[in-house]
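First the structure, in the form of structure tokens, and then the observations on it.
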Amino acid sequence: QTHLLAVLLAAASNFLISVSLNIQKCAHLRLVCQAEQKPCYRSKLWWCGIALLGLAEMGNFTAYGLAPITLVAPLGCVSVIGSTFISVFFLKKTMRTADILGGTLTITGIYLLVAFTPNVPQELTARQVQNYLVSWPFLVYSILEIIIFCILLYFYKRKAVKHIMVLLMMVALLASLTVIAVKAVSSMIALSVKGKMQLTYSIFYIMIVLMAASCAFQIKFLNQAMHLYEATAVVPINFVFFTTSAIISGVIFYREFQSAALLSVFMFLFGCLLSSLGVIIIARNKKEEHLQIPFIDCGHIPGQKLTGKIQPDSHSSCYGTLNKEDDSVKRQS
């Protein structure tokens, strides 16, 4: 029953994220089309989107405290389905065959995730988190993660490698620490609310610092990836990397598959594969949408006749100069 509540909460939160992003996008479009350009923070619609985003993240935070990481993290695919649903039914866009196929695969994957998720106790005390933090599997995992991250950071800083795989692998490595810290903090807060005080332990504040720091750097690299590459490429790759890193961290740190049957593990991983494949199919070949900036159609200037190309070829000798036919127009001006 607790797992079902966490699933509903995580699914609703991720759908709210898609609604929030579309509202923010709509606010940016309205601001661009206005005669007087204003910053986005002066738009009430934009703030409405930000408020929904904050509410959604609070829901995800709570869900991590109620269910295993391996169940909550893959449900991020709901935001992709939500964006497709909004674009088709509210923004009147065409439903593609890829959307139907991808949505079907993703929903099937979600069902398998819920049905075969590991059944582990979710009440994590501060002492349990401390024990997990110094366990040898996590120490080995941490050392490997630090080595890989340092290698990627070397290529990023010294060699100026800004490849999408490098950026999103760093995001995924940081995300694994974020979900570990989020689950620990959320679980300790939930226990404290029930009367079992956990906020007096130093590990609680260590996890808060780890959560904030890893989340900040994660956003930094993700924003750079979104700036350099199209969202249709970033979204599916980031989802696959994030889900994989979250599952690995849940298995190693919280030992969420320690007593699970082999069939349950196989079906759960198959559900993750279907969800990831569905997200990739939905995002594949989807056209990028650009802001519509108002402009004057030079072919319909009142009182002037179109005598040739408005803008010469950039490789021609007359690029950036007026045509001879326009000399009279220049003298009149």
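Using the three backbone atoms N, Cα and C, a Cβ is placed for every residue, glycine included.
TrEMBL has this to say about the protein:
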type     : residues : note
TRANSMEM : 6-24     : transmembrane segment
TRANSMEM : 45-65    : transmembrane segment
TRANSMEM : 71-91    : transmembrane segment
TRANSMEM : 98-116   : transmembrane segment
TRANSMEM : 136-155  : transmembrane segment
TRANSMEM : 167-193  : transmembrane segment
TRANSMEM : 199-219  : transmembrane segment
TRANSMEM : 231-254  : transmembrane segment
TRANSMEM : 260-283  : transmembrane segment
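Each of 45-65, 71-91, 98-116, 231-254, 260-283 was scored by its Cβ pairs under 8 Å to the transmembrane segment (167-193), and the highest score goes to 231-254. Most Cβ pairs under 8 Å with the transmembrane segment (260-283) belong to 98-116, among the candidate stretches 45-65, 71-91, 98-116, 136-155, 231-254. The transmembrane segment (136-155) makes contact with the transmembrane segment (231-254), as judged by at least three Cβ pairs under 8 Å among residues 6 or more apart in sequence. The stretch with the most CB contacts under 8 Å to the transmembrane segment (71-91), chosen from 6-24, 45-65, 98-116, 231-254, is 6-24.
Remote same-chain partners of the transmembrane segment (98-116), defined as residues 6 or more beyond its termini with a Cβ less than 8 Å from a stretch Cβ, comprise 3-4, 7, 11, 71, 74-75, 77-78, 80-81, 84, 88, 263-265, 267-268, 270-282, 284-286.
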